[in-house]
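Below is one structure. I have some questions about it.
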Amino acid sequence: MWRRVASLSSFLSSYSTSFVAQTASRLNTWESLTTRIAQQANGFIAPKEKTPFITFVLGGPGSGKGTQCIKIVETFGFTHLSAGDLLRREIDSNSADGAMILNKIKEGKIVPSQLTVKLIQKGMESSDNDKFLIDGFPRTEENRVSFEQIIGIEPNVVLFFDCPEEEMVKRLLNRNQGRVDDNLETIKTRLKVFEALSLPVINYYSQRGKLYTIRARGTEDEIFEQVRPIFTAFEACHRAVE
Ligand SMILES: Nc1ncnc2c1ncn2[C@@H]1O[C@H](COP(=O)(O)OP(=O)(O)O)[C@@H](O)[C@H]1O
Ligand SMILES: O=c1ccn([C@@H]2O[C@H](COP(=O)(O)OP(=O)(O)O)[C@@H](O)[C@H]2O)c(=O)[nH]1
Ligand SMILES: [Mg+2]
């Protein structure tokens, strides 16, 4: 469905007086947003009939990734694959790796890449959808490379929820989902891991022109209004070729 688009730039520029344009101006100017998206869609060459459209959803712990993914799913029909949820499911199913995964999560450390990528791969293969939100992954450069090697596709879009540390800590301590890692000691490690290992991944995608940074403070709805124009523009690209 999300196939290569032949001539998007002209379509997108004629779209610039729409409601979407007004909304998009809060994030970027509409022109620069649509130009970027057209370039990315044009660079997306489908090697087989159904190549998935992949969005990586990144940000520190408590930045609101999961919360915003729910809204993206409701509005744009993506399938949500949270790497953390997939790993927690492995623990709950008493799999051979369960104890190791639990330890890593308790310590705020990163689970070996191959394992996480295989779980994501299974999630993608068991879905009929061709639009995926991969939430909380890749968290390290090694994660990123492993995904590219095993899945063989690069993300089309990378969202980065940029949130001040004190706000993330406050949210995590109030998350109230009974998670073993929502305690101050683990949170401190997770913030260090984020800075040391995850920020390089974010910088990598910024350099590749795939990064959309969202200011992740404010109400959930306010934050979603920064996210919405990105996917609206991609949908517009998609409709243009149907
Ligand atoms: N904009 C927001 N303002 C206040 N609290 C939020 C906001 N977005 C999410 N939360 C809350 O913060 C906590 C962490 O959000 P979550 O989506 O789980 O973040 P992440 O997946 O990035 O760790 C949750 O309890 C969630 O309800
Ligand atoms: O690709 C991943 C995703 C998660 N985790 C582990 O799972 C924890 C919780 O991740 P999740 O994405 O659920 O946390 P969030 O950022 O949403 O709070 C992380 O701290 C890691 O220990 C991991 O090792 N690799
Ligand atoms: Mg989450």
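Placed from the backbone N, Cα and C atoms, the Cβ positions cover glycine too.
Quick paste from TrEMBL:
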BINDING   GLY62, SER63, GLY64, LYS65, GLY66, THR67, ARG175, GLY218  ATP binding site
BINDING   ARG88, LYS109, ILE110, VAL111, GLY136, PHE137, PRO138, ARG139, ARG179, ARG190  ribonucleoside 5'-phosphate binding site
BINDING   ASN143  CMP binding site
Please give me the CB contact count at 10 A for ASN143 (CMP binding site), counting all chains in the structure.
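Step by step: centre on the Cβ of ASN143 (CMP binding site), count other Cβ atoms within 10 Å, giving 24.
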Can you list which of the binding-site residues SER63, GLY64, ILE110, GLY136, ARG175 have their Cβ under 6 Å from some atom of ligand 2?
ILE110, GLY136
Just to be sure I understand the contacts, which binding-site residues have a Cβ under 6 angstroms from any atom of ligand 3? Candidates are SER63, LYS65, GLY66, ARG175.
LYS65, GLY66
Whose Cβ, among the binding-site residues LYS65, ARG88, ARG175, ARG179, has more other Cβ atoms within 10 Å than any of the rest?
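Buried the deepest by this measure is LYS65.
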Using Cα coordinates, what distance in whole Å links GLY64 (ATP binding site) and GLY136 (ribonucleoside 5'-phosphate binding site)?
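Distance between the two Cα atoms comes out at 10 Å.
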Anything from the binding-site residues SER63, ARG88, PRO138, ASN143, ARG179 with its Cβ under 6 A from ligand 1? List those in sequence order.
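Among the binding-site residues listed, those whose Cβ sits under 6 Å from ligand 1 are SER63.
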For ILE110 (ribonucleoside 5'-phosphate binding site), which of the listed binding-site residues (GLY62, GLY66, ASN143) have their CA atom within 10 A of its CA?
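Cα within 10 Å of ILE110 (ribonucleoside 5'-phosphate binding site): ASN143.
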Please report the Cα separation of GLY66 (ATP binding site) and GLY136 (ribonucleoside 5'-phosphate binding site) in Å, rounded to an integer.
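The Cα atom of GLY66 (ATP binding site) is 8 Å away from the Cα atom of GLY136 (ribonucleoside 5'-phosphate binding site).
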Which whole-number value in Å describes the distance between the Cα atoms of ARG175 (ATP binding site) and PRO138 (ribonucleoside 5'-phosphate binding site)?
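Cα-Cα, rounded: 22 Å.
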Sorry to bug you, but what's the C-alpha spacing from LYS65 (ATP binding site) to GLY136 (ribonucleoside 5'-phosphate binding site), rounded to the closest Å?
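Distance between the two Cα atoms comes out at 7 Å.
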Using a 10 Å radius around each Cβ and all protein chains in view, which of these binding-site residues has the most neighbours: GLY62, GLY64, PRO138, GLY218?
PRO138
Which three-state DSSP class does ARG88 (ribonucleoside 5'-phosphate binding site) fall into?
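Its secondary structure by DSSP: helix.
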Spatially, which candidate from the binding-site residues SER63, THR67, ARG179, GLY218 is nearest to the residue listed as 'CMP binding site', comparing Cα atoms?
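Of the binding-site residues SER63, THR67, ARG179, GLY218, SER63 has its Cα closest to that of the residue listed as 'CMP binding site'.
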